[in-house]
Amino acid sequence: MLYSFPQIVSLHRRTFSPALATTVLRSRLGFFITKRPKMTEPKSGRKESNEKARAEKAAKFAAKQAKLKQQTSTSQQPQPKKVPDALPAFQDLTPLGHKKLLQSFDSPHFQAYSPQAVESSWYAWWEKSGYFRPESCSDVESSAKFAIPLPPPNVTGALHCGHALANSLQDTLIRWYRMRGFKTLWLPGCDHAGISTQSVVEKALWKKEKKTRLDLGREQFTRLVWDWKDEYHQRINNAQRLMGGSMDWSREAFTMDEKLTAATMEAFCRLYDEGYIYRSSRLVNWCTHLNTALSTLEVENKDISGRTLLSVPGYEKKVEFGVLTFFKYPIDGTTETIEVATTRPETMLGDSGIAVHPNDSRYAHLVGKFARHPFTDRLLKIVQDTYVDPSFGTGAVKLTPAHDFNDYQLGQRHGLEFINILNEDGTLNGNAGQFQGQRRFDARYHVVEELTKQGLFVKKESHAMKIPLCEKSKDVIEPMIKPQWWVQMKGMAEAALEVVERGKVTISPETAKKSYQHWLSSINDWCVSRQLWWGHRIPAYRVIFDGEEASESAQSTWIIAKSPEEALSKAEAKFGAKQFRLEQDPDCLDTWFSSGLWPMATLGWPNTENSDFKQFFPTSLLETGWDILFFWVSRMIMLSLKLTGEVPFTEVYCHSLIRDSEGRKMSKSLGNVIDPLDIINGIDLESLHAKLRVGNLQEEEIARATKYQKSAFPQGIPECGADALRFTLLSYATGGSDISFDIKVMHAYRRFCNKIWQASKYILGRLPSGFVPNTSLDSSELSLPERWILHCMNCAVKGVNEALATREFSKSTKIIYQFFYDELCDVFIENSKAILSDGTPQEQASVQQTLYQTLDVALRLLHPVMPFISEELWQRLPRRQGDITPTVMLAPYPVFDTSLDFPADALNYELGLRCVQGIRSLVSEFNVRTNGCAFIKTSTADSYASVEPQMPAIKALCKKAISELKVIGPDAVGSSIPKGCAIFVISADIVVMVEVVASITDIDAEIIKLRSKLQKSRGTIERQQELMAHEGFEEKVSDVVRSAEKKKLADAEAATENYERTIEEFEKLSLAGAD
């Protein structure tokens, strides 16, 4: 079964207005034409009658089966179900990089749509021919340009559907602009992804060899990561090729290649020289598992409602969180104590003070005194500060300035000691006294035990809190004081806000723009130091003079230079004859620092005379996920403004995040991350399971992921192809909420590809040998159906161009689908069969030209979204004289043509289509299968003149159910229409009727059924009118809901009229029978 568009929309699991899906036959005409519903009561009222009908049908079937059993003396053996022959393996006969050798539609793999066969060969030919390069533009001197810097995927493994969505959106725009004559550049590349890549390689190293990076050493480990990068980089590029991305591979970049490394060093040195980069020992987010600092953006806060046991990397047993521990500190020199509370009892080993509120009378006598630490004998100063909430806990707050961001501020205000108790691996250092060497969460329990022994423990209470987790490792973050390199952000943030406010950079959707503005308005300085081996090593060299200690101190001298040679030269110039050596900072830069230079560095910056930089910078568009708006987008804008004086791009479009069919975030450990190649090629369930074991998942994670895969993909994932993948993802791209991804939708659009394929086969098969397309169509010679389809085509062209210009991707797919499926295939192609069979030679020749024109335009319209099938079919089209365009991707994109604008003719033809729909509705309602007789009754001369010429088309579209059709004018006598017809009201001037008396065995029972339906439809009218009369309905209800409710009312009113008219006809028949 091929899904209709409303069915596909419902599969999306999102609200879709029936008014948009079914109310309008042709909204593009500038007005609305309401479809009449089937002659049935509203959906909510059909349940009882449907159940009754099913019961009656089942009873009849049972009786029939019993009768057949009595008549049959011996049962026949069931015939085995015929299994279609499996297709032989597809063999691509085209040499790599050559133009595809087209195979006949009679070839087994081309009789129906086969993604593997259709998508073969084209990409290699496109790439080798240079069609992806901006130089392929038909007018190479064109000043119109469109450039997109591809958000570089992390070189950590396979792509996922989020990448596929981004690539589909970007490639659609690139191909659209290219076909419109723009000089286009889509610049690809990969990001080295410092933390992610190093973490993945370290896990793989341990899993394979039970070694750590420390066992290998920095140089050997870095070589191992480069090997990993080379392998996965190629996989990523191959996947992007299979998805059809028309990137200029000759300009491909990598964030650690020579060109981008030079740009990164230049940027750091310039920012340092201008005072924007500085070194400072400050509190940072420390991941003990990865042994590196993280930015706030790389920390996830997990909310817990109370006592919770959580898994922590490196701990076999789960650790307790969400508990407030109360204990007492002795007041020095007295027998008095002061009670405090904490969710991290182990941090009390680093306490250096206690704070109370100035107005809290309970502790006023203690301010200025000291508490004595029970384990280290340290004195803790008691201070007063308005920060303290007297109502929380005991009203007295323990202060650990070296391990808490709030306490850090209080420690600075009150001159407290900053005592670090943690080593980088999360064990306690010498400042922890008797607990030295213990792991932090082991010490959590041991501290409480020791407090209990000394009589200082009070109690525990469950307490809601946030747990800061490392985004990569899920380790619990520890605030620690570390000397790091920082970027001063306030001035750059103000400039980045200004360009958005002035419209030099547009951000959509509006929610993304507001988030951008909110974050930049409250930005903190950026820690760019990362304690990693994989990445850009910070170009900072510490000067160690002879006789000076090698360890860093606050007085250490640093030289910032782009290379060791430059650093030595600078140091010698500065320190003259002094004896020293240089030691480079072992840390690497935050990945987002080099990524923040991506748009300008990939085009040649800092060489602003580079031809690519001069031609394509600033770039046109950045398309990305809203989740990295702060990580990346804002930093690109800030760094570009600071280093080039220009914005890096003029438009930002943020797509939604893809979630699984249950609405959950994609996660490898859940098994719901879908590889786009598995959708393109198809994969069985066992192979999906096997892929889970290739990575670094734990056994319990593999078990959970396997369970999900069994429920979500019980039969595996069917082969859908890249075109169906792209079309589906664009149909999801509404610019609104997150996307719930469902493979059923994907497979439905794969069937749409087959519809395109079969329609194209039909049209090409109806063109005569030697057919030459006309350069233009003579509209005066066109029939009404031809003028209608050309008008629909013209409206679709206008609609798609407008949708892509405003980045309404989902709308563009709806328009394409409606034109190709609903209008071209379901109406005009069906209509053309009668003309090609029974029309005059002139009519046949005309409809052949029209079929060609619509298919040619449809394929060019489709190409940016579905590049493979559109190229495969377009290459099979005959060409107009003088047309030597080598590929559809360089063919002109269709534009609105005023000569094909036929609104009056389209309205006229729509009237005929509504008659077809009315007849089909009655045929379906009363189960008329073949040889039916239908009538169209017109009450005015104008309506008769509109409908009567369309009789052949109407009959053709009604298919075999109707063998006889009559159009009855306003002057016809009553006997022209037999009694016993079911009625469907089209308008005030037109009704259609179908003779159904032969299919009705009990006319009175049928009247009773219709009266029941009439009563329900009237009830629906009352309910809808009452609903819509509520105060505020027009103002407060959304357009989508308002349209849906109005549609329900219109449907009920139409059904009511149909029931009333049909009952009237049936009652005449009943009375006649009684006489």
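Keep in mind that glycine also has a Cβ here, set from the backbone N, Cα and C atoms.
On a predicted model such as this, the values are computed, not experimentally measured, just so you know.
When TrEMBL is compared with the stretches 298-328, 391-421, 453-483, 1042-1072, the one noted as coiled coil is 1042-1072. Across the range of the domain 'Valyl-tRNA synthetase tRNA-binding arm' (1002-1059), the DSSP-based residue counts are 51 helix, 0 strand, 7 coil. Across all of the domain 'Methionyl/Valyl/Leucyl/Isoleucyl-tRNA synthetase anticodon-binding' (786-930), the predicted model scores a mean pLDDT of 94.
Mapped onto DSSP classes, the domain 'Methionyl/Valyl/Leucyl/Isoleucyl-tRNA synthetase anticodon-binding' (786-930) shows 109 helix, 0 strand, 36 coil.
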